[in-house]
Every structure is written in structure tokens, then in C-alpha cells.
Amino acid sequence: MTDTSLAPDTLESRVPVSLDARSYDILIGTKLIASSGTILKPILKNSRVAIVTDETVAARHLEKLQEALDTAGIDHTAIIFPPGEGSKSIAIYSDLMNRLLDARIQRDEALIALGGGVIGDLTGFAAATLRRGVDFIQIPTTLLSQVDSSVGGKTGLNAPQGKNLIGAFYQPRLVLADISLLDSLPQREILAGYAEVVKYGLLGDRDFFEWLEINGKKVVDGDTAARIHAVEQSVKTKARIVAQDEREGGVRALLNLGHTFGHALEAETGYGQHLNHGEAVAIGMIMAAELSVRAGSLNRQDCGRIRAHFEAVGLPLQVPDIPGVVWSPEKILGHMRQDKKISGGKITLILLKDIGEAFGTKDISEQDILALLAQELPG
Ligand SMILES: NC(=O)c1ccc[n+]([C@@H]2O[C@H](COP(=O)([O-])OP(=O)(O)OC[C@H]3O[C@@H](n4cnc5c(N)ncnc54)[C@H](O)[C@@H]3O)[C@@H](O)[C@H]2O)c1
Ligand SMILES: O=C(O)C(=O)C[C@@H](O)[C@H](O)[C@H](O)COP(=O)(O)O
Ligand SMILES: [Zn+2]
């Protein structure tokens, strides 16, 4: 357990992730980065770390982290990559490993992921594989990474064949979710993160979805208390599910609501700037809700309620036209056939029974998926 007496009084919440020897805390609050060195020091085996970040985050937040580490007497080196999904690639991973080895990062030293989900997934995978495993800390700087990607230990890279197809389950030692870091985040990225926030309401917490119907706009518009509540509720749900099923043998698959479609859309766009992960997941959740109505598990009225909330906050509902992309149901289905939840050659979909209750099924035929895609894709 983290020694929270070392944290400033702007620490609002501590959410534990209970995984035996791999347990850790998620600390949520404002202005936490200024105290990060003091908080981290007792967790580190050795007073030397490598910070991995991207150019955009480095320009805004790296200095604050470096100063905090200096104050605590922790040596550090920074490795900076271009921003964007393209950095979750084998080429960047290879470059990162070379730089970590050139810097002689030892097994008892640690990596700090300072950034969004791209930096978190990349750094986590590097930590899992460097000298067969070094500790890593998540300092998530996007709403998406604070509510979702920094927690639960899914790390990895995209492959030309599909999203997140190379990776490892490898838990961080601590997650430091500093809400103040979101002040510099563009609105498009706030909305991308909000898609994963709504996911937590839809898949397992109807009360939270209803809270979002009232307060979602505040979360999106920058209200600190609303953002803290949204991060806390999301990670509490994620921590509970991950503690039950760390390696996705069962219930954890529910966290993939909207992702079987969403990842296929991302793969088809080549992980470019026109459709980010949160947007693809938002559209994928609408597809899952529509398919749930067709399958008879969700009523049309609840599907309409989900659509209305997405519209109210500004989440995308439809697949956009993207230059150079010719959408085709067959191609999207082809990407879905690479999904990691496939077993026995059958696509597993996460559908809704109700707002607040998701379930996994292999009973939807490929013809039914194609029919849904024909309705939902442009053109
Ligand atoms: N491991 C998991 O459980 C998990 C969960 C959800 C998503 N993901 C992965 O996360 C990735 C998406 O993460 P993301 O949405 O954070 O994207 P991202 O990491 O690409 O960040 C989005 C953009 O925001 C910029 N940025 C980050 N923090 C900023 C800040 N504080 N101020 C200004 N700009 C900032 C980045 O430079 C980038 O351009 C995807 O690859 C997705 O597959 C993983
Ligand atoms: O943590 C999980 O489990 C999730 O599914 C969270 C998702 O939001 C996230 O995008 C995850 O990376 C998807 O995992 P994948 O196994 O489908 O690649
Ligand atoms: Zn996701």
C-alpha cells in the first residue's frame, strides 16, 4: 500500500487494485505531479528511473516531473517519442529498448510512463520485456489513460495485422492520476476519454450512467469535482473486474464493450489521426447497442437513451468519411476475425442486456454482423 501521508492534501482518493503480490494503488487528485518524487521514492528499489513520454506531453509536463524527482533525489533520464497511435509500433518499441539498454537501465531501476494510453501501453510492454521485467509507474496525462489504460496491466503494440496484437499482461507499481494535467488536453481527446467513462456505466453500473446523464457535460467541460468522480468510479469498476480476472479468462472481456468493432475501424484507418481509439470505441458501442436490439437483448428505448446521451455530450455516433478509406463490411469483418477474444474460430461480441449490464456472446452469426455493418458504415 502506498504511504499516503507522503501525498499532498490535494489527494482525493486512493483506489487499490488487489492482485496479491502484484497489488498497487491508483492515487487520484490534483497537483499530484509536484509531489510525485516524494510519493515514488519509497516504492522504487533504486533511485534511478527512465521517463518515457511524447513530444506534446514533454513540452507541457515533463519539467514538473523532473523537478519533483530532483527534489526527492531520484536520478532520471527522459526518452521522448512522437505523439500519436503510430508510436505503439514495433519500430518505436525497438528504438525504446535500444535507448533503455544504452542508458544501462538496470533490473532494479524503473520506467515512468508520462503520457496517454499510447505511451502507457508502449512503456508497460518495454518494462515487461527489459531484462525480463523492470518496475514501471503510470502517470497518465489523458482522461482516457486516467480512467482506463493506466490500470489493469494490458500493455502492448499494434501490428499491421491488428490492434494490440503484440503485448503482455504486466501490472504497474503505482498509478498517479493527476486531474490537473488534463487542463492542457484538447477537447477532442477529452471526449475520446469520455467514451471509456460511459463504457463503465454501460457495462456494469446503471447508477453511474444515470449520474453521467446529469453530470457528463461537466466532466467534458472541465469541472474538477466531476472529473475526479468520473475517474474514481471508472477505475473502481475496472479494479474490481481486473482483481477477479487479471488475464481475461472471463468477466474482464466485458471491458471490451465497443472494442471488437472499434479496433476493426482503427485497423482499417491504419491508426491515423482521423479516428482515435476513444472515437472508434464510441462508435463501436453504438454498433454493439444496435446489434443488442437486433438480437433481442436490449430494448429500442434504452438504445435510444444511449444515443441521446452520446449526442448530448458530443460523442460520435457514426463512422466518419475518411480520406483514402473505402469502408466495406467485409473488410471490417476481416479485421474482427483477428480479435483476441475469438475462440473456436467464432467472434465473441460484448452486447448489452440493459443499461448497466453487458454480456459476452458467440451466438451472433457473421451474416448478422455484416448486415449491421452494412447499415452503420457510410456509403
Ligand atoms: N491498456 C489498456 O487497458 C488500454 C485501455 C484503453 C486504451 N488503451 C490504448 O490507449 C491508446 C489511446 O490512449 P489516449 O487516448 O490517451 O491517446 P494518446 O496517448 O495518443 O494521447 C492522445 C493525444 O493527447 C496528447 N496528450 C496527452 N496528454 C496530454 C496533455 N495532458 N495535454 C495535452 N496533450 C496531451 C498526446 O500527445 C496525443 O497526441 C490506444 O492505443 C488504446 O489502444 C489501452
Ligand atoms: O483493460 C481491458 O481489459 C480493456 O479491454 C480496456 C480497453 O479499453 C482497452 O482498449 C484494451 O487495450 C483493449 O484490449 P484488447 O485486449 O482488446 O486489445
Ligand atoms: Zn479501450
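Each residue, glycine too, has its Cβ placed from N, Cα and C.
So that you can see what the record holds, here are the features copied from TrEMBL:
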type: BINDING; residues: Gly117, Val118, Ile119, Gly120, Asp121, Thr141, Thr142, Lys154, Lys163; note: NAD(+) binding site
type: BINDING; residues: Glu196, His259, His277; note: Zn(2+) binding site
type: DOMAIN; residues: 79-190; note: domain '3-dehydroquinate synthase N-terminal'
type: DOMAIN; residues: 193-341; note: domain '3-dehydroquinate synthase C-terminal'
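Shown here: features listed in TrEMBL, placed on the structure.
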residue	record	Cβ neighbours (10 Å)
Gly117	NAD(+) binding site	26
Ile119	NAD(+) binding site	30
Asp121	NAD(+) binding site	25
Thr142	NAD(+) binding site	26
Lys163	NAD(+) binding site	24
Glu196	Zn(2+) binding site	27
His259	Zn(2+) binding site	25
His277	Zn(2+) binding site	27
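DSSP assigns Lys163 (NAD(+) binding site) to a strand. Secondary structure of the domain '3-dehydroquinate synthase C-terminal' (193-341) per DSSP (helix as H, G, I; strand as E, B; remaining residues coil): 107 helix, 0 strand, 42 coil.
Taking a Cβ cut-off of under 6 Å from any atom of ligand 2, the binding-site residues Ile119, Asp121, Thr142, His259 reduce to His259.
Spacing of Gly117 (NAD(+) binding site) relative to His277 (Zn(2+) binding site) is 9 Å (Cα to Cα, whole number).
Our reading of the NAD(+) binding annotation (Gly117, Val118, Ile119, Gly120, Asp121, Thr141, Thr142, Lys154, Lys163) yields a largest Cα to Cα distance of 22 angstrom.
Between the CA atoms of His259 (Zn(2+) binding site) and Lys163 (NAD(+) binding site) there is a gap of 10 Å, rounded to the nearest whole number. Ligand 1 lies within reach of Gly117, Asp121, Thr142, His277 from the binding-site residues Gly117, Asp121, Thr142, His259, His277, judged by a C-beta closer than 6 angstroms to any of its atoms.
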